[in-house]
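Taken from TrEMBL as is:
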- 12-35: transmembrane segment (TRANSMEM)
- 41-60: transmembrane segment (TRANSMEM)
- 80-103: transmembrane segment (TRANSMEM)
- 123-142: transmembrane segment (TRANSMEM)
- 197-216: transmembrane segment (TRANSMEM)
- 236-255: transmembrane segment (TRANSMEM)
- 275-296: transmembrane segment (TRANSMEM)
- 317-336: transmembrane segment (TRANSMEM)
- 389-410: transmembrane segment (TRANSMEM)
- 416-436: transmembrane segment (TRANSMEM)
- 448-466: transmembrane segment (TRANSMEM)
- 472-488: transmembrane segment (TRANSMEM)
Amino acid sequence: MSAIKKFAGQTAIYGFSSVITRFLNFFLTPVYVGLYSPKVYGIFSVMYSWASMLNALLAFGMETTYFRYLNKYENDKQKVYNNTFFTVSLMALMFLLFTFLFVDDIAAWMQMGKVYDPDYARYIKYFIYILVADALAVIPFAKVRADGRPIRYSIIKFVNILTFIGLNLLFIFVFPLIIKEGWFGAEYLIGWYREGWVGYVFISNLIASLITLLLLVPELLKLTFTYDVTLVKEMFIYSLPVLIANISFIINENIDKIFLGQLLPPAIADQEVGIYAACYKIAVFLSIFINAFRLGAEPFFFSHAKNKNATETYARIMNFFVIAVSLIFVLLVANIEMLKYFVTGKNAAEQALYWSGLRVVPILLFGYVSLGIYINLSIWYKLSDQTRYGLYISGIGAILTIILNIIFIPEYSYMASAWISLTAYTVMMVLSYLWGQRNYPIPYKIKKNIIYLLSSVCIVFVAFVVFDRNLLIGNALFLIFTFIIIFVERKELKAIFAIK
């Protein structure tokens with residue numbers, strides 16, 4: 001059980017930092033939806049959806065590859081670090097040169113069928129710089145995690161989000177106040193400041209990304225300028241399926257917002273995207289835990305792979321993971337009547353528009369539950385060097401997402417996107433389990449895990465539909481569910497925490 005305690009300890013640190021940083025970031029949601037109309041917030045959401053997909057492309061699957069090859073080349077870790085970093089850097093440089101040649105064409109394509117906004121080209125340039133800076137930080141961040149330094153990782157992430165939030169508040173509130181009150185610097189600001197301009201969000205992100213890169217200079221200084229072509233070729237064979245799998249995953253996560261903007265009538269497209277994206281933010285609370293798990297899991301699973309009881313450890317971790325996501329799922333839905341106040345508009349009419357999308361939240365949350373289990377399951381093909389299965393699984397999920405969104409969005413709008421997201425993640429989860437048990441058997445407690453998942457779905461249905469989101473009943477059901485799980489798992493919990 002000591003291995004699980006170590007894993008839990010590191011994940012708790014990553015989890016704490018993720019909760020704080022994502023909560024601080026989530027704090028900006030009511031600021032944005034209060035400042036921007038659903039239409040403008042839709043533009044904001046589409047830009048970040050594209051950025052997520054391009055982030056995966058530029059990383060080229062090298063983060064997972066780095067962890068795997070540290071495990072394979074334990075006596076030559078510096079060479080692994082050098083080659084993964086310079087590979088990602090080369091990709092980022094090529095991306096920078098290529099995209100700058102076609103900025104105006106990209107801007108025109110993104111606005112096809114809509115009123116042309118000349119600022120789009122400027123937004124795209126900001127995102128090009130952001131993406132390159134973030135790509136250069138991928139491997140140094142992976143090194144921090146591989147070195148078992150979750151506190152350093154967390155501090156850098158804190159600085160990033162605090163910089164981003166601070167600059168947002170400066171642009172959105174402080175500068176307008178200086179101009180309004182005629183304070184020192186007002187004349188200078190009047191010359192260039194544009195109140196309510198969404199571009200300031202992107203500028204804030206760019207500055208935060210550059211500061212993050214500066215904080216990673218100690219890791220960057222440990223690089224040596226060597227390049228092993230043979231090793232890089234071997235890494236590419238491993239990472240290419242991971243890259244395609246990551247892109248497919250990002251497609252599943254973001255293509256719905258892009259399709260909503262493209263497939264719905266132009267008069268309502270950006271508004272529908274804005275409503276969907278704002279309500280999507282509530283589901284982010286569960287994704288925080290999943291991300292914290294992923295940050296701790298990858299380095300732990302790879303470093304633990306050679307232990308004789310590794311598969312039993314993975315199964316125990318899965319059991320507690322399912323318990324955790326089931327409880328978080330129920331807790332969030334039970335308190336949706338409070339969480340909805342993070343999504344409010346400038347007036348009652350806009351608030352009603354945003355809240356009209358709350359019905360997608362339980363669907364999106366259970367989609368995240370399926371995604372988290374899939375991420376947990378996916379370790380089998382990474383450890384067994386069968387990364388092509390990640391390509392197959394994520395590819396099937398992406399194809400489902402694309403085809404079903406094209407078919408159903410025109411008629412059912414974002415409700416279709418929510419159900420399709422859940423469907424795709426569930427299919428990916430099931431396929432990964434079936435193929436994993438055939439190629440790399442892990443003794444999961446499958447019956448118990450299914451019971452926990454189905455129980456959480458039933459409780460959510462009762463709280464959300466039958467009792468119409470009643471806070472008291474929802475939280476009472478959550479507490480009952482929690483006590484039942486503690487009773488069922490009492491022996492495992494005593495063993496982990498050494499309770500006599």
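Placed from the backbone N, Cα and C atoms, the Cβ positions cover glycine too.
Stretch with the largest number of CB pairs closer than 8 A to the transmembrane segment (317-336), among 197-216, 236-255, 389-410, 448-466: 448-466. Most Cβ pairs under 8 Å to the transmembrane segment (416-436), among the stretches 80-103, 123-142, 389-410, belong to 389-410. If you look at the transmembrane segment (448-466), the same-chain residues 6 or more away from its ends with a CB under 8 A from one of its CBs are 318-319, 322-323, 326-327, 329-330, 333-334, 336, 362, 365-366, 369, 473-474, 477-478, 481, 485. Between the transmembrane segment (389-410) and the transmembrane segment (236-255), the number of CB pairs under 8 angstroms, six or more residues apart, is three or more, so the stretches are in contact.
Contact counts against the transmembrane segment (275-296), taken as Cβ pairs under 8 Å, peak for 41-60 among the stretches 41-60, 80-103, 123-142, 197-216. Sequence-distant neighbours of the transmembrane segment (123-142) (same chain, 6+ residues past either end, Cβ-Cβ under 8 Å): 47, 50-51, 54-55, 58-59, 62-63, 66-67, 81, 84-85, 88-89, 91-93, 95-96, 99-100, 103, 106-107, 110, 153, 156, 198-199, 202-203, 205-206, 209-210, 212-213, 216, 219-220. Away from its own ends, the transmembrane segment (472-488) comes close to residues 323, 326-327, 330-331, 333-335, 452, 455-456, 459, 462-464 of its chain (Cβ-Cβ under 8 Å, at least six residues beyond either end). Same-chain neighbours of the transmembrane segment (236-255): 49-50, 52-53, 55-57, 59-62, 64-65, 68-69, 87, 382, 385, 387-391, 393-395, 397-398, 401-402, 405, 421, 424-425, 428, counting only residues six or more beyond its ends whose CB sits under 8 Å from a CB of the stretch.
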